[in-house]
């Protein structure tokens, strides 16, 4: 097994003689931070890691400033997988599951039967976009690839793997016509890179560095690998956001909540477990227009 840099990163590459680009992602530290917040069973942790890798790949592919959200829902053992990744490459994720229904070695269709996958882009400026596709693939890689078959003119394929310690992803995408103009040659070139990518095993994907993976797959094709782009875990929760949620209740309801909770309202972030506390003084200050800064404790 190769040593990895001490950061998580995505890395783009292109084929010099065909109209195909690619992206690789390696997540270790951010994946560990997400799993440290919630002790997921191994099959759930694997699915969440794959979805984190997918989100990181998509942020490197889709040009926007804002937030990308991948949300998978089902009526099965895992009713929710959710990952958010900002255009600044800050990542967080969460899963909901019924422990009694999660079995060892379970895959996507075992855990999320009849599920759906929503891809949402929430730009800092402009209109929010959402697309939804059925989780009908054998795994998340196939389901996400199916989404792009339905919604994109350019071919896009995903390979995603996670083992509870490391999450890896590979994306291949056709580019507009430039290097190859003949339609049959263009299709053959696309099938060539996909066929080779399909030979990559989970052990290789999780254990090899990017240069070795690309040499293993495409040593006969001229490929250019670009610089790494760091990615990290960061939760976007804050005391201010929690206070805004409290303010939306109105003064009377907020004061009643303080009374019902023995003098202190606790607001927990579902992603990182950060807890924000608001007492009667905080509530009065909030509705008096005094802001949300206070000496009230917060804790993880």
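Cβ coordinates are placed from backbone N, Cα and C, and glycine is handled just like the others.
Swiss-Prot has this to say about the protein:
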type	residues	note
DISULFID	235-237	disulfide bond
DISULFID	269-272	disulfide bond
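On its own chain, residue 235 (disulfide bond) has 92, 269, 271, 272, 274 as residues at least 6 apart in sequence with a Cβ closer than 8 Å to its own Cβ. In this structure, residue 269 (disulfide bond) belongs to neither helix nor strand by DSSP; it is coil.
Taking a C-beta cut-off of under 8 angstroms and a sequence separation of 6 or more, residue 237 (disulfide bond) has the following same-chain neighbours: 269, 271, 272, 274, 276.
Residue 272 (disulfide bond) is surrounded by 20 other CB atoms, counting those within 10 A of its CB over all protein chains shown. Under the three-state DSSP scheme, residue 237 (disulfide bond) falls in the coil class.
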